[in-house]
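Right, one structure below, let's go through it.
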Amino acid sequence: MAKVLYITAHPHDEATSYSMATGKAFIESYKEANPNDEVVHIDLYKENIPHIDADVFSGWGKLQSGTGFEELSESEKAKVGRLGELSDQFASADKYVFVTPLWNFSFPPVMKAYLDSVAVAGKSFKYTEQGPVGLLTDKKAIHIQARGGYYSEGPAAEMEMGHRYIGIMMNFFGVPSFDGIFVEGHNAEPDKAQQIKEDAIARAKEAGKTF
C-alpha cells in the first residue's frame, strides 16, 4: 500500500479553480485505481505551515548546540515541532501530487513555505563531500497547474517558474519521476475555456489510473 500526499495550494475549490478541478479528477481516478492506498490531502491554505523565521533559526541553533527540545521557548517549540512533523510526513510518503495555479509566473507563497519545510538535511537530502545528495530516490511526483495563458512553448515559456521550481526541488530531493499536467490558455481564449478544462480533466483521469 502506497501513501500519497495530495498537496493543494489554492484558496478556491474545484467549483471555481481550474487547477483544483483537474486535481480532483486526477486524485479520484487514482483512488479508484488504487483503493488500498492511503491518500492524505494537505490543503496549504488551511494547514499550519510555519515560515522559517527568527524563532525557527533560534530553535534550530539551540537544538544543534545540545539544548533539549523542551527547553526551547513556546514559540520555538511550536514552529520547530510543526516543521518536524511536516518533513517527517513528506519523507515517509511514496508519491506527491502538487496542485497550484500559476500566479505571477510562479505559485502561491504558501507552496514555497511548504517546500522550505520539507527541505531538511537528513530527511529529504544529505550533505556529502561531493555536495548534497537527494534521499527520496524511491518516490514519484506530479504537478497539476492551471495557467491562464500559454507557457508550454513560445516566448512566455522561459517566464514560467512554478513548475520548474517544483521540478528543481524534486530533483534536489532525488525524486526520479516528475511529471506535469497543465491547464493553459483559458484566460487567453475564454471562448475555448470550457473545452480546455474538459480536455485537462480527461488527461488527468487517464494519468491518475497509472500514477
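Just so it is clear, glycine is given a Cβ too, placed from its N, Cα and C backbone atoms.
Record features, source Swiss-Prot:
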type	residues	note
BINDING	Ser17, Tyr18, Ser19	FMN binding site
Residue among the binding-site residues Ser17, Ser19 whose Cβ has the most other Cβ atoms within 10 Å: Ser19
Residues satisfying Cβ distance under 8 Å from Tyr18 (FMN binding site), sequence separation of at least 6: Pro101, Ala146, Val183, His186, Ile196, Lys197, Ala200
Shell of the FMN site beyond Ser17, Tyr18, Ser19, same chain only (C-beta within 8 angstroms of their C-beta centre): His10, His12, Glu14, Thr16, Met20, Ala21, Thr22, Gly23, Val99, Pro101, Ala146, Val183
Ser19 (FMN binding site): secondary structure state under DSSP, collapsed to three categories: helix
